[in-house]
Amino acid sequence: MLQLTKKHLLIIVDGIIACGKTTLLDALVSSEGFEVFREPSDLWWHLLNNFYEVFKQGSPKQKRKAVKELEEMIFKHHKDIATRRLTHAVSERSLQSAVRVFCRALKESDMMDSGLYQEFEKNLEHVEKDERHVPTFVVYFAIDPQEAFRRMLHRAKVEHLRHFEKEVPLKYLTLLRRMYEELYRHRVNSDVIVIEAGQPSDEVQRDVADEFEKRREQCQRVLRDKGFAPKLLDDVIRQFRRRSPQAFA
C-alpha cells in the first residue's frame with residue numbers, strides 16, 4: 001500500500017494541441033494514491049468558441065475581454081489542481097505551459113497585449129513560490145506540427161464541439177512547438193521525460209513507462225532533490241502501465 005504524506009507528486013503530461021495528451025490520460029486509471037486530471041474541455045467549449053468568434057469580428061476591447069476570461073479560467077483550473085488535490089496527481093498541462101507557452105503565443109500573435117501577459121507572468125511567479133505548483137516530472141509529448149495539424153483537422157470534422165479547431169492555422173501549432181521546446185528541452189537531463197508522440201497511442205503509453213524505467217537513476221535523483229522518497233518511482237511506473245478497460249477500444 002502506498003503511504004501518502006502531506007507532500008504529493010505532480011506529474012504533468014504536456015505538449016501542443018493534438019499531440020495525444022488527452023488520449024493518454026483517458027487510457028490511465030485513477031488508483032490508490034494517484035488521481036488523473038484532464039482539462040475539462042467539455043465545460044470550456046462555449047468560451048473557446050466565443051474566443052474564436054470574437055477574434056474574427058470583435059472589437060479590440062471585446063478581444064481583450066475574451067482572452068482574459070479564457071486564460072483566467074485555465075489558470076484557475078491548474079491552480080486548483082495543485083492546491084486542492086489530496087493525493088499524487090497526473091495532470092494535463094500546467095500553469096507553467098498555460099502562461100509561458102499559450103499566453104506567450106497569444107502575445108506574440110498580437111492576440112494578448114503585453115500588459116495582460118505580464119499580469120499572468122507575475123501571478124505565475126507568485127504561485128510558484130508554493131512548491132505544490134512545481135511539477136515533480138513533466139512528460140513532454142514532442143510531435144511534428146504537421147502531424148498535429150492533420151489530427152486536429154480530422155477531429156474538427158468528426159467531433160462537433162471541436163469544429164472551431166479548423167480555424168487554427170499550422171503556423172500557430174509551429175509557434176507552440178517552438179515555445180514548448182524552449183520551455184522543456186533544456187531539462188531533459190532532469191525532470192522532463194520527452195516522448196515522441198507521433199506513434200500509435202498504445203505505444204506512446206508504453207514508452208512513457210519505459211522511459212521512466214530507462215532513466216531510473218536520473219528520476220530517483222530528481223525525487224530525492226525535490227524531497228520525495230526515490231522508491232516512489234516504482235509507483236509512477238506502475239501508474240503509467242495501468243490501462244483503463246475502455247482504452248483504445
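Placed from the backbone N, Cα and C atoms, the Cβ positions cover glycine too.
Pulled from TrEMBL, these are the features on record:
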ACT_SITE  E92  active site, proton acceptor
BINDING   G15, I16, I17, A18, C19, G20, K21, T22, T23, R151, M152, L153, H154, R155  ATP binding site
DOMAIN    11-212  domain 'Deoxynucleoside kinase'
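Considering other CB atoms within 10 Å as the measure, the emptiest surroundings among the binding-site residues I17, T23, M152, H154 are those of H154. DSSP assigns G15 (ATP binding site) to coil, not to a helix or a strand. Taking CA atoms as the reference points, T23 (ATP binding site) and E92 (active site, proton acceptor) are 11 Å apart.
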